[in-house]
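Asks: Next up is a structure, given as structure tokens.
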Amino acid sequence: MSEIQLRHDWKRDEIEALFALPMNDLLFEAHSIHRQVYDPNEVQISRLLSIKTGACPEDCKYCPQSARYDTGLEKERLIEIEKVLTEARSAKAAGASRFCMGAAWRNPHARDMPYLKDMVREVKSMGMETCMTLGMLSPDQAGELAEAGLDYYNHNLDTSPEYYGDIITTRTYQDRLDTLSNVRAAGMKVCSGGIVGMGEQATDRSGLLQQLANMEQHPDSVPINMLVKVAGTPFENLEDLDPLVFVRTIAVARILMPHSRVRLSAGREKMSDEMQAMCFFAGANSIFYGCKLLTTNNPEENEDMTLFKRLGLHPEQGKYATIEDDKAVFEKATAKANAIKDKQSSAFYDAAAL
């Protein structure tokens, strides 16, 4: 098999041509590349905690954490460090290798930085990788977090540059690119992806992946989120995205960015086991683990581990999460999969989802 060539000069029409391939051809190409770089049966597991919820001043149309929309979400202040550590211990015990902390901010304030750095240091002392998503970062803030030991910083591009203005007006596309540049310059790893199912056109999905793949250095982690339509947000009544379009997006991301972790992110709660299996085959090799993604639902741990067992997958580093390996748990997960099999629907990505 030929050696994989990393490219940073993808043209839009080249990417659109990949999306247009017959499904079997696309999946074959993506999976072949995936096998060359990664163990195809290993999935990296992260746990995500909202450390500050709601009252965000931004106007992202998909997000229930925006103060501009009445979604019934109760806002919370920055939580105490000990609560963060309790959640991190639980995550590690359940098999997560990375702990992600998200805050619904436009950007962190100077008064927040000491607490954030302490969170990073304490979680790292447990032997876990750390990730944060706090909004925009200045070069100095990125440097402070890097010095504290933060491994990853998430800041998504959300969609293509052309469609971006229809999604958010309070932060520019260049603002997002600048934050990613600050993160990379500080020596941290970049986590950046986007959301599909927001009413975008096919060319916008190509445009999003083009932006990511043409960065000077590919993101280390690329989360692909499916919109979860939340009542009270402007996007609550959008039509569902075809599940196979989502699978195609995963596959094209794997082809364009062979060495990046492609994360099957928000939206798994509404995906059938069969759809998730196709995503793993297409090149997804990272998930969020636990019953919540910031403010939205996520499959329970035992359901994920039951699915892993059925598919012959294992968590990164070969560490299995705790699972009640009994008939009742298996039957519960199977029943849920059957119940939603014919109800494929879009799922939601939060403002700080990774």
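Positions of Cβ are set from backbone N, Cα and C atoms, glycine also.
This is the feature table in Swiss-Prot:
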BINDING   Cys56, Cys60, Cys63  [4Fe-4S] cluster binding site
BINDING   Cys100, Cys131, Cys191, Arg263  [2Fe-2S] cluster binding site
DOMAIN    41-265  domain 'Radical SAM core'
Asks: Between Cys60 ([4Fe-4S] cluster binding site) and Cys131 ([2Fe-2S] cluster binding site), find the distance joining the two CA atoms and give it rounded to the nearest Å.
Replies: 22
Asks: Quick check for the class: what is the C-alpha distance, in angstrom and rounded, between Cys131 ([2Fe-2S] cluster binding site) and Cys56 ([4Fe-4S] cluster binding site)?
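Replies: On Cα coordinates alone, these residues lie 20 Å apart.
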Asks: Could you measure between Cys191 ([2Fe-2S] cluster binding site) and Cys63 ([4Fe-4S] cluster binding site) for me? Cα positions, answer in whole angstrom.
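Replies: Distance between the two Cα atoms comes out at 19 Å.
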Asks: Using Cα coordinates, what distance in whole Å links Arg263 ([2Fe-2S] cluster binding site) and Cys63 ([4Fe-4S] cluster binding site)?
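Replies: So the alpha carbons of Arg263 ([2Fe-2S] cluster binding site) and Cys63 ([4Fe-4S] cluster binding site) sit roughly 20 Å from each other.
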Asks: CB neighbours of Cys100 ([2Fe-2S] cluster binding site) within 10 A?
Replies: 28
Asks: How many neighbouring Cβ atoms, not counting its own, are there within 10 Å of the Cβ of Cys191 ([2Fe-2S] cluster binding site)?
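Replies: Here the count is 29.
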Asks: Tell me which of the binding-site residues Cys56, Cys60, Cys63, Cys131 sits in the most Cβ-dense spot, judged by other Cβ atoms within 10 Å.
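Replies: Sorting the candidates by Cβ neighbours within 10 Å, the top entry is Cys63.
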Asks: Distance check, please: Cα of Cys63 ([4Fe-4S] cluster binding site) against Cα of Cys100 ([2Fe-2S] cluster binding site), rounded to an integer number of angstrom.
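Replies: Cα to Cα, Cys63 ([4Fe-4S] cluster binding site) and Cys100 ([2Fe-2S] cluster binding site) are separated by 19 Å.
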